[in-house]
Amino acid sequence: MNCSISGEVPEDPVVSKKSGLLFEKRLIERHISDYGKCPVTGEPLTADDIIPVKTGKIVKPRPVQAASIPGMLGMFQIEWDGLMLSNFALEQQLHTARQELSHALYQHDAACRVIARLKKERDEARGLLAQAERQIPMAATTAVGATALSNGKRAAEDEEMGPDGKKIRPGISNSVIETLTECNAALSQQRKKRQIPATLASVDALERYTQLNSYPLHKTNKPGILSLDIHYPKDLIATGGVDSNAVVFDRPSGQIISTLSGHSKRVTSVKFASEGELVVSGSADKTVRVWQSSENGNYDCRHVLKDHTAEVQAVTVHATNNYFVTASLDSTWCFYDLASGLCLTQVADASESEGYTSAAFHPDGLILGTGTSGSLVKIWDVKSQANVARFDGHVGSVTAISFSENGYFLATAAHDGVKLWDLRKLKNFRNFSLYDENTPTQSVQFDHSGSYLALGGSDIRVFQVASVKAEWNHIKTLPDLSGTGKATCLKFGPDAKYIAVGSMDRNLRIFGLPGEDQMES
């Protein structure tokens with residue numbers, strides 16, 4: 001008889017008293033020690049329940065297959081086949097386990113990415129909430145008369161619509177006109193006594209100007225500085241970039257004071273106002289923002305103005321520091337009260353469909369100059385909002401406008417170069433066509449004294465200002481070290497001691513006299 005466990009003839013047979021089954025002694029004893037029950041019936045079983053069977057010596061018969069060499073080879077072949085089948089089954093199990101592990105790793109990686117994105121969105125939402133909480137108290141305290149601006153939303157009476165579907169504006173009142181006239185009279189009187197300051201940089205100094213510093217102020221993923229302004233008393237520089245941010249930068253220390261984040265598209269124009277306490281920025285997102293300096297040094301958004309329906313291309317601040325004008329591609333310019341952010345009037349020229357691409361106040365403040373995408377330069381009387389003069393002759397959009405401090409020179413830049421206009425005779429008296437036909441002139445700027453003129457395109461050229469008939473001498477050519485071939489904006493520093501230049505890379509460059517910067521520091 002065979003063992004009930006192994007199926008072989010037992011060498012040391014025992015029998016169960018309970019079931020009567022035959023077992024190999026060593027096998028059943030091990031099973032009882034491990035499980036304590038019969039392997040066949042499952043009933044409880046102990047070592048006392050098995051009885052040895054007395055038999056004679058068992059001689060195992062030789063298997064039939066082992067009686068010959070072909071039989072033994074057949075046995076080996078059967079065992080080899082069984083081994084291969086077992087190995088194949090193990091390989092299949094290993095492949096399945098690898099697939100399950102790979103799937104689990106992919107799920108874990110995807111979960112980590114989702115968690116990271118959610119954390120980023122959470123942090124951005126917290127930042128926006130904190131910014132909104134800072135803006136709300138300031139907007140709530142700002143009022144003009146009975147109306148106030150709060151985060152770009154006006155009171156209901158400000159949103160009244162006229163029969164033509166346009167918003168009704170309060171207009172430039174007599175008191176505002178009186179303020180503008182008084183400012184004009186005072187500045188005109190000062191201009192008659194104006195003298196060139198002794199501290200102004202000399203022509204010899206400008207001839208030796210070279211790059212002093214380069215400051216990476218904006219993001220690398222969207223490089224480009226489109227506009228800049230300088231607050232002379234504190235020597236602060238504001239820049240507007242393609243990355244939709246504006247930056248306030250302290251030039252003497254070389255440190256960024258504040259990054260103004262809020263616009264959703266590129267910042268096309270920035271201007272300081274109110275002794276550097278305010279910054280006004282215009283953007284391609286059709287909005288204008290007024291930023292106010294806080295106690296911690298940062299600039300917080302005070303107003304968001306949404307009166308334009310197309311890109312805001314230019315911002316210019318009146319000499320009183322109480323008003324500013326914005327010009328847009330929607331073919332209108334708006335006159336704002338700076339303290340409240342209230343749009344007093346929005347002026348459209350019905351005879352033209354081109355949008356405005358540049359704008360600047362005359363130093364006396366009663367004249368506004370605007371450039372259009374249709375190559376026209378328009379001169380406006382601010383008090384009556386009437387278009388009193390038009391200059392044509394340019395090719396392409398008028399990219400920049402600059403009035404001289406002497407009060408009667410106007411420089412305009414476009415694709416074909418720079419034109420100089422005599423405001424007394426309303427005539428063009430000089431042209432600078434310095435670049436090839438594929439290189440537009442991006443910027444033009446008189447210094448504060450009216451002694452020098454700088455223009456930018458594929459490089460920066462500096463000229464000495466002369467009279468209408470006299471020659472304007474070329475003093476210096478500064479290379480565009482950005483490698484982009486586009487000097488998009490420039491401005492003279494205080495007393496023309498340096499020239500700040502923005503290009504289509506992320507760096508603000510300062511050109512000046514070597515050693516001068518170290519002496520100031």
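Along the chain as shown, the residues are counted starting at 1.
Cβ coordinates come from backbone N, Cα and C, glycine included.
As annotated by TrEMBL, domain 'U-box' applies to 1-70. DSSP labels the residues of the domain 'U-box' (1-70) in these numbers: 20 helix, 12 strand, 38 coil.
Taken from TrEMBL, the feature region 'Disordered' applies to 150-170.
Summarising the annotation, TrEMBL assigns repeat 'WD' to 260-292 (among others). Counting residues of the repeat 'WD' (260-292) by DSSP class, helix then strand then coil, yields 0 helix, 20 strand, 13 coil.
Across the repeat 'WD' (305-346), DSSP classifies residues as 0 helix, 23 strand, 19 coil. Positions annotated as repeat 'WD' by TrEMBL: 305-346 (among others).
Per TrEMBL, the feature repeat 'WD' maps to 349-390 (among others). Mean model confidence for the repeat 'WD' (349-390) is a pLDDT of 88.
Summarising the annotation, TrEMBL assigns repeat 'WD' to 391-431 (among others).
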Legend entry - Counts by DSSP class (helix H/G/I, strand E/B, coil) across the repeat 'WD' (349-390): 0 helix, 22 strand, 20 coil
Legend entry - Long-range neighbours of the repeat 'WD' (305-346), counting only residues six or more past its ends (CB under 8 A): 142-144, 147-149, 152, 154, 158, 166-167, 169-173, 176, 179-180, 183, 187, 265, 268-275, 278, 280-290, 352-361, 363-365, 368, 370, 373, 380, 382, 385
Inset, instruction - Could you tell me what the rest of the chain brings near the repeat 'WD' (391-431), counting residues at least six beyond its ends with Cβ under 8 Å? - result: 188, 191, 194, 357-364, 367, 369-379, 437, 440-446, 448-450, 453, 455, 465, 468-469, 472
